[in-house]
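Engineer: Let me begin by handing over the structure; questions about it come next.
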Amino acid sequence: MTLEPLIDGFRLFFDVSTLLAIAFGTLVGLLIGVLPGLGPLMGIILLLPLAYHMEPVAGMGLLVSIFVAGSCGGAITAIMVRIPGTPLAAATLLDGYPMMKRGLAKEAIGTAVAASALGGIIGGLILIFLAPLLADIAIDFAPPEYFALTLTGLLTIAVVSREATVKGLMTGTLGLVLSTIGYDEFANVSRFAFGIDGLLGGINLVAMVVGIFAISEIIDQIRHGDLSAKPDVSVVRPSFSSAISTMRHWRNLVRSSVIGTGLGALPGIGGGISAFSAYAIAKSASKRPEEFGTGIADGVVATESANNATVGGTLIPTLALGIPGDASSAVLMGALILLGFFPGPGLFEKHQDIVGGIFWAYMAANVMMFFVGILLTPLFVACIKLQKRYLLPLIMVLCVMGVYSLESSVFDLWVMLVFGLVGYALRRFDYPLPPLVIGLVLGPVCEGNFRRSLIISGGHYDIFFSRPIATTIIVVNILLVLWMLIPKSLKQRVFRRLGSAASEA
Amino acid sequence: MSSELKARLQHSSAVAGFVLICVVIYWQCFTDLAAQDAASGGAQYNAAFVPELLSGFLIALCMLQLVRVWFGNGFRESEDTLPDELDADAPVEDAVTYEDDENFGLVLRAILCVGLIAVFILVLPYLGYYVAMPLLLIAVLVTLGSRNPLTVVALAIGLTLIVGYVFGGLLNVVLPPGFLEIEPW
């Protein structure tokens with residue numbers, strides 16, 4: 001089963017348009033990662049409408065390569081100007097910037113790009129091996145199991161929001177409420193349309209997501225950013241030999257990549273946390289831990305390999321079970337649904353070629369990222385100097401035309417603008433936005449499977465507790481809720497005690 | 001009004017926005033969906049069941065958040081209201097006023113940009129993409145501080161043509177031709 005998707009998908013992957021889409025996505029991903037304040041999520045959202053017009057594997061290849069390259073691009077800014085281009089690169093500052101200060105900027109960038117690519121490939125291998133196995137286990141799932149599983153996905157809302165659980169649950173629930181707008185296939189009526197034609201079929205997901213994330217980001221940057229800031233950086237040219245020097249840290253590379261993939265597969269963790277965790281473990285495993293933080297390649301290898309491997313890890317539950325772990329994978333899942341394919345065991349059973357094509361695209365994006373990253377570093381460093389007063393109008397045009405191009409609908413543009421204001425208001429009061437998009441994407445799936453289960457059982461709720469797998473997942477969900485209710489300080493105390501016990505052992 | 005009270009009221013107004021959405025959902029369930037006979041019976045065929053359930057849950061969360069705002073630190077999380085770098089000894093009210101004054105120009109810029117997008121959406125069907133987009137870009141670039149007329153016009157026209165070619169020429173999207181009926185690709 002493991003190799004079948006790869007064999008079936010190669011034909012779809014090995015196509016000029018797909019390869020071009022991956023190369024373009026890699027370039028855009030690195031660029032968007034380099035620019036502070038943006039990140040892979042913004043890149044995916046901006047080019048989502050473009051992917052909608054492409055063949056499925058080419059479209060997903062474009063978005064996946066932005067996810068991959070966007071997770072690496074932030075390292076260049078972190079190393080050159082001590083500002084992480086994306087939150088994922090925050091840990092790379094610790095050794096990357098001191099390396100630059102010691103005159104090793106090209107070595108630091110070369111190591112960061114090579115470690116990201118190699119970490120991504122290791123994450124990809126685990127993805128290719130594990131995702132089909134997980135999908136195979138879930139192959140006999142029926143609506144009750146899917147409902148229980150989507151509940152798990154929804155619980156990630158609380159995990160994603162970490163510091164603001166109540167606010168995260170509020171925006172997540174708002175996403176679920178908004179997802180109920182439109183045609184209800186079970187009752188054969190249109191809900192909450194207020195007589196507006198554009199709402200009869202529901203709100204356009206892309207218009208909503210572009211508004212919530214991109215338009216609100218533009219407003220936020222205008223309101224807070226120094227629009228003419230221009231950091232003073234000099235041109236750097238790393239070499240391909242950095243791959244060899246990175247391989248010398250193979251133990252650290254493999255360990256950090258496995259940590260990144262493992263943590264990425266858990267909902268709500270993300271690249272930032274996995275990079276810091278891998279850094280801490282690399283430091284404690286090192287023979288010279290005192291050198292960490294002074295500008296050594298080991299630190300950069302640990303953080304960059306881990307945060308790119310996280311992308312592969314995140315795709316495992318997204319593709320195999322239809323549970324997105326963060327906002328980026330939720331948007332990727334939404335894109336796959338828009339392209340006509342629903343993530344989960346059914347995708348692996350009926351559309352192995354699409355799954356295989358995505359796997360190939362993911363691996364190719366990591367390889368291309370290495371070459372594009374090394375060759376075009378001078379361009380990316382120059383982009384750090386790009387003033388926001390020129391960048392923001394470009395993003396605005398992409399948002400407007402991207403949303404319009406979906407259905408040639410002016411109404412969608414209004415949706416985008418309204419949700420841009422909603423998104424900005426939520427940001428203004430520190431309401432996390434990722435739960436909103438997770439709620440929007442998972443809402444229809446959760447409600448559909450809930451009501452389908454009840455149709456099967458004739459309206460009896462015991463269907464959720466009479467099937468072993470559904471019951472197990474629901475019990476796990478309840479345990480998750482209980483875990484979230486335990487005060488943070490108590491959890492930290494338990495972890496500290498476990499950590500000291502482990503180190504003593 | 002003290003800054004703490006102001007922050008509490010602002011955060012409460014955000015919560016009120018959520019409650020308002022829930023009220024609208026309930027109102028629609030009891031009127032529109034009930035009139036269509038789709039708001040009763042078992043959950044499987046009841047179109048109002050899930051929205052009502054979610055709205056109820058959201059209202060409960062809103063109440064919890066209000067408790068945090070008025071009886072806890074739920075109002076302190078906005079960095080605009082109480083910035084991290086705020087000197088502990090400085091009078092809070094002065095610091096907030098200073099912040100508000102400093103940001104006024106930027107807020108105006110942000111409002112102007114949103115207004116410009118709204119005007120663009122309004123005129124797009126009439127003026128068409130190739131007239132409305134450069135005008136929007138010129139206005140936005142000037143609003144964001146670009147002063148060189150040559151750069152502004154070149155950027156506006158260049159971006160319009162490139163984006164127009166990608167969507168109109170490569171992706172075959174029909175861009176609004178407007179009263180001049182411009183469809184170059």
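Just so it is clear, glycine is given a Cβ too, placed from its N, Cα and C backbone atoms.
Feature table excerpt (TrEMBL):
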{"type": "TRANSMEM", "residues": "A:12-38", "note": "transmembrane segment"}
{"type": "DOMAIN", "residues": "A:19-438", "note": "domain 'DUF112'"}
{"type": "TRANSMEM", "residues": "A:58-81", "note": "transmembrane segment"}
{"type": "TRANSMEM", "residues": "A:108-134", "note": "transmembrane segment"}
{"type": "TRANSMEM", "residues": "A:146-161", "note": "transmembrane segment"}
{"type": "TRANSMEM", "residues": "A:192-215", "note": "transmembrane segment"}
{"type": "TRANSMEM", "residues": "A:330-348", "note": "transmembrane segment"}
{"type": "TRANSMEM", "residues": "A:360-382", "note": "transmembrane segment"}
{"type": "TRANSMEM", "residues": "A:394-426", "note": "transmembrane segment"}
{"type": "TRANSMEM", "residues": "A:469-486", "note": "transmembrane segment"}
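Map the listed features onto the structure and describe their local environment.
Structural biologist: Outside the transmembrane segment (A:12-38) by six or more residues, the chain places 46-47, 54-59, 61-77, 83-86, 89, 217, 221, 225, 353-354, 356-357, 360-361, 364-365, 368-369, 372-373, 376, 380, 383-384, 386, 388, 391, 395 with a CB less than 8 A from a CB of the stretch.
Residues 1-2, 4-6, 68, 71-72, 75-76, 79-80, 92, 95-96, 99-100, 236, 238-239, 241-243, 245-247, 249, 253-254, 256-258, 260-261, 264-265, 295, 297, 300-301, 304-313, 315-317, 319-321, 348, 355, 359, 362-363, 365-367, 369-370, 373-374, 377 of the same chain sit 6 or more residues outside the transmembrane segment (A:108-134) yet have a Cβ under 8 Å from a Cβ within it.
Sequence-distant contacts of the transmembrane segment (A:330-348) (same chain, six or more residues past either end, CB-CB distance under 8 Å): 5, 41, 44-45, 48, 51-52, 56, 59-60, 63-64, 67, 131-132, 135-136, 138-139, 141, 146, 205-206, 209, 315, 318-322, 324, 354-355, 434, 437-438, 440-442, 445.
Packing against the transmembrane segment (A:469-486) from elsewhere in the chain are residues 141, 144-145, 147-149, 151-152, 155, 158-159, 165, 463: each is 6 or more residues past its ends and has a CB under 8 Å from a CB in it.
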Engineer: I'm checking region-level scores; what's the whole-number mean pLDDT for the domain 'DUF112' (A:19-438)?
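Structural biologist: Taking every residue in the domain 'DUF112' (A:19-438) and averaging pLDDT yields 89.
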Engineer: What parts of the chain pack near the transmembrane segment (A:58-81), using Cβ distances under 8 Å and only residues at least 6 beyond its ends?
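Structural biologist: For the transmembrane segment (A:58-81), the sequence-distant neighbours (Cβ-Cβ under 8 Å, at least 6 residues beyond its ends) are 13, 15, 17-18, 21-36, 39-41, 43-44, 47-48, 50-52, 87-90, 92-93, 96-97, 99-100, 105, 108-109, 112-113, 116-117, 120, 231, 233, 236, 271, 300, 304, 307-308, 310-311, 315, 328, 331-332, 335-336, 339, 354, 357-358, 361-362, 364-366, 368-369, 372-373, 377, 380-381, 384.
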Engineer: Go through the chain and flag residues at least 6 beyond the ends of the transmembrane segment (A:394-426) whose CB is under 8 A from any CB in it; none is fine as an answer.
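Structural biologist: Same-chain residues near the transmembrane segment (A:394-426) but 6 or more away: 38, 42, 46-50, 52-53, 171, 197-198, 203-204, 206-208, 210-220, 433, 436.
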